[in-house]
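Look at Swiss-Prot and you will find Ser126 tagged as active site, nucleophile. Here Swiss-Prot flags His194 as active site, proton donor/acceptor. The disulfide bond annotation in Swiss-Prot covers Cys37-Cys115, Cys63-Cys76, Cys177-Cys184. As annotated by Swiss-Prot, signal peptide applies to 1-16.
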Amino acid sequence: MNLRLLTLALAAVAAASPVDIQERQLSGGNELRDGSCKPITFIFARASTEPGLLGISTGPAVCNGLKMAKAGQVACQGVGPKYTADLASNALPENTSPAAIQEAQDLFQQAVTKCPDTQIVAGGYSQGTAVMDDSIKRLPDNVKEKIKGVVLFGYTRNAQEHGQIANFPKDKVKVYCAVGDMVCDGTLIVGPAHFTYLGNTGEATQFLLGYLRFLQLTQLP
């Protein structure tokens, strides 16, 4: 793996994928931990080098899409701060750190414990897809059952996991792998195609909403 190439490419993500300031303000990012329970909880793991908890590209875009469709009913929670989105963790055996995996598991568990009536949707971008894969497949069945859909952008474990998340229903997972994005082929070589996923966030939002559409959603106390 060429960590220098990965560093240079991912360092450009903020410039390549700007998000409107108002959208960033809407996105929050720590609303499960700090806010009240909502009928829908969105848990997201950002790409390497992205700042904040949700990042500044696909995470806020999907969060805001859900909030616009389900006004007042969505809490958005990013994985962090133990998940640091550092570059070196991409080279670990599970393509992210044990601390990141455990933190994501804890957030899913917290959503179920704190807000037992909430429905969970989730997502990840780049290294964040590994965080989602490695955490969700380890969750107990009662927590997995609360996760209604997962969207993965530039899935770094796509080849290893055969386009799915192990021990989780394949039909609940939507993988976005752009033509030419070599991270989806089991490498960590990052090229321009890896930075095109903002264009998929509208479809990804609709995918998640499709699993929520027929649920009885009421405002939680």
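Heads up, the Cβ atoms here are built off N, Cα and C, so glycines get one too.
Proximity note: of the listed recorded positions (Cys37, Cys63, Cys76, Cys115, His194), His194 have a CA within 10 Å of the CA of Ser126 (active site, nucleophile), given in sequence order. In the three-state DSSP scheme, Ser126 (active site, nucleophile) is classed as coil. Figure note: comparing Cβ neighbours within 10 Å for the disulfide-bonded residues Cys37, Cys63, Cys115, Cys184, the maximum is reached by Cys63. Closest to His194 (active site, proton donor/acceptor) in space, going by CA atoms and restricting to the disulfide-bonded residues Cys63, Cys76, Cys115, is Cys63.
A separation of roughly 13 Å, to the nearest angstrom, links the Cα atoms of Cys115 (disulfide bond) and Cys76 (disulfide bond). A 10 Å cutoff on Cβ-Cβ distances gives Ser126 (active site, nucleophile) a total of 35 other Cβ atoms nearby, all chains included. In this structure, the C-alpha atom of Cys63 (disulfide bond) lies 16 angstrom from that of Cys37 (disulfide bond).
Note: the CA-CA distance between Cys37 (disulfide bond) and Cys76 (disulfide bond) rounds to 11 Å. The Cβ of Cys76 (disulfide bond) has 27 other Cβ atoms within 10 Å, all protein chains considered. A 10 Å cutoff on Cβ-Cβ distances gives His194 (active site, proton donor/acceptor) a total of 26 other Cβ atoms nearby, all chains included.
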